[in-house]
Ligand SMILES: [Zn+2]
């Protein structure tokens, strides 16, 4: 299956992408991984991206599109892939379509994860991360540490990342509405979009997603 996963920040997109890719035996292709891989391998596109990042500028679509289309031509993506974070705007969606058409293939579906805005703010603004190890993540409502402000794993201090503050989250949601939602309309016109609620336990959301995509758990 060739799938694009879309959803606002805080929808749990990365987590769902991992589970779905595993269930469907297809590679999970995330923009974050693409950037990290190209930069660490020192590819031409990686060097270009790094220059923009160092200059505090947005990486142009052409660079991101180049990384994504290179990745989709690797052997493990021949029978399918799950895209996460790409395309993130209309220009990228159109470039992806052009690339797929050139390869004689097409998307099977676009999975749209839906979360109410207030829930997004609650999810993200409540996150507390350990200063010693950013993989130690807690939540002030959903996953409280035994002692407030202290990491259960290593005793490190917990803090709210600046990116997770309520103001920043509202801005990120704004950007999502403005830049990414138009691609949902674009794909809806191609009858590709299935929308599911991203509320509830992770495994329930995964099951909902599999059902919406028309595949059984055993796939
Ligand atoms: Zn810790």
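Residue 1 is the first one shown; counting continues down the chain.
Using N, Cα and C of the backbone, Cβ positions are placed for all residues, glycine too.
Sequence-distant neighbours of residue 14 (ATP binding site) (same chain, 6+ residues apart, CB-CB distance under 8 A): 30, 84. Positions annotated as ATP binding site by TrEMBL: 10, 11, 12, 13, 14, 15, 127, 137, 138, 200.
Proximity of distant same-chain residues to the region 'NMP' (30-59), defined by a Cβ-Cβ separation under 8 Å and at least 6 residues beyond the stretch ends, is recorded for 14, 17, 66-68, 70-71, 83-86, 88. The feature region 'NMP' is assigned by TrEMBL to 30-59.
In sequence order, 31, 64, 179, 180, 183 constitute the residues six or more apart from residue 88 (AMP binding site) in its chain with CB-CB distances below 8 Å. TrEMBL lists 31, 36, 57, 58, 59, 85, 86, 87, 88, 92, 161, 172 with the feature AMP binding site.
The feature domain 'Adenylate kinase active site lid' is assigned by TrEMBL to 127-163. Mean predicted confidence for the domain 'Adenylate kinase active site lid' (127-163): the pLDDT average there is 95.
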Of the binding-site residues listed as 57, 59, 86, 161, the one whose CA lies nearest the CA of residue 10 (ATP binding site): 161
For residue 31 (AMP binding site), which DSSP three-state class applies? helix
What three-state class does DSSP give residue 14 (ATP binding site)? helix
Three-state secondary structure, which DSSP defines for residue 88 (AMP binding site): coil
With DSSP as the reference, give the number of residues of the domain 'Adenylate kinase active site lid' (127-163) in helix, strand and coil. 2 helix, 12 strand, 23 coil
